[in-house]
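Below: one structure, written as structure tokens.
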């Protein structure tokens, strides 16, 4: 006779679908020592029955094909240039297999997980901490840093036979600190609303330069950076967009940021720009209505963008981190959410048709590449590539920490290393660095750049980057400093625009403030791309889309090279906030030089809109 105890144990094992009989593969792992070194400590052990919601990103199919398609459609010399795909055409190429979807759902249900939903790309499930730990062979704990607690695990696994179907599960091993790249400055006396005619005449700006050289601007623009100054800096001239052309621009807002329509009204009124509203799209519930909506990042995005691209329609995408509404799954409200925002953001954008999206999208948030799990970074980067195949230009600020701040690897050895920023390190995004000063603009000391440790150098920039190393980089970069970066990695930024000193004038919380950083350069560049799209659409041509192949092939015709200044860092200080960093890596003389051609300080250089316009319209007719 078999005892009841034995029968009970067998029943429990069957009901739980125990992983003991399954070969498991560890998907990701982070070192607890590394977390401690970055300030994350275990603050609590969540209750076994506490609810947790996780998302499984199913593996895309045909990623090689989507990248080759992107490069073909983005090549001005290709007969397919500008023949962009739409959402359903892209999905037909990369949609995860039905087999993968069904296998993952079957596995979860066999493990006793009842709340499961799938959109064919992402499987979302809700369960208890106890079940999640058992099913994923994980150890979810409450990790705390600077008052923020995130429920995370240092590793997790899936059955060996499912590993090929799963890119990643999140939130699990990503201890993100997504931040805006923007130093803010105090209130100050307001600049003149309009530049004096005498000042304009004295500066000799009646005609543009004959080639891509930095524009000379009036003396007032050496004190403040206003919309009028930006238009002069980048030779926009009297170009006027048409609101009905079909060109649209947009930007992402994270970290409880939300642009205030009243601040926008004050900005436009002060500088005499025709009033216009912008559209808010909430990717996360309540993201626009949080009491702490930030102190100027999103205000600067919309104001700098409209200051250049008025009257083109502008959309703000508000993402606090939580995924969009999922039927039958109770997602946490915004105030309790701590998910990293990139995947929900790009998943939402990818779910919309081309007609529902802007064709130029600016993003001013990022974090050190090495703090982002590689699988997560690769998934996000692929989704950015999907946007490019649809004729959408995705732009990202390169960052505000120069060569680096902490300058140590995550590994147990904590070796010295320059810092790269993600998503700027993704090859399928256009990374925008920063300059300072006027007459001329020079490389900004804190503008970030470098070479990815995750993504190899793409072919479109191979010649430009190799020329930097063989002909333009100083001996210190190619010898003394060479152990601290990946010479074969994707180089960034791609281009640059004004960032700081003189600072931007924007309105936040009802007052004029000074604002600076690459968070100012990227919305300005998005506004310029919006104007190019306006001109192309009015000429019957497709939008610019992924612009990097065009920039590297033809940029010498329309980008003003920056050859003075350098990006610096790894000196024990985070120059974004001015704080000393105890225990950070020190690399004497760490820098990237600005030089002729592409460099990791200012990329290929600064935009000259009139010359860009000429090239963009000519390129369109060749496709």
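For all residues, glycine too, the Cβ spot is worked out from N, Cα and C.
According to TrEMBL, the feature signal peptide maps to 1-20. Annotation source TrEMBL lists domain 'Peptidase S53' at 224-619. The annotation active site, charge relay system is assigned in TrEMBL to 297, 301, 519. Summarising the annotation, TrEMBL assigns Ca(2+) binding site to 561, 562, 597, 599.
TrEMBL feature annotations superimposed on the structure.
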residue : record                           : contacts (Cβ under 8 Å, 6+ apart)
301     : active site, charge relay system : 251, 253, 259, 316, 362, 364, 519, 523
561     : Ca(2+) binding site              : 212, 596, 597, 604, 605
562     : Ca(2+) binding site              : 214, 435, 440, 441, 442, 443, 496, 594, 601, 602, 605, 606
599     : Ca(2+) binding site              : 449, 468, 472, 473, 592, 593
Cβ within 8 Å of the Ca(2+) site's Cβ centroid: which residues qualify beyond 561, 562, 597, 599?
472, 563, 594, 595, 596, 598, 601, 602, 603, 604, 605
Including all protein chains shown, what's the count of other C-beta atoms within 10 A of the C-beta of residue 297 (active site, charge relay system)?
28
Residue 597 (Ca(2+) binding site) CB neighbourhood, other CB atoms within 10 A:
18
To what whole number does the mean pLDDT across the domain 'Peptidase S53' (224-619) round?
92
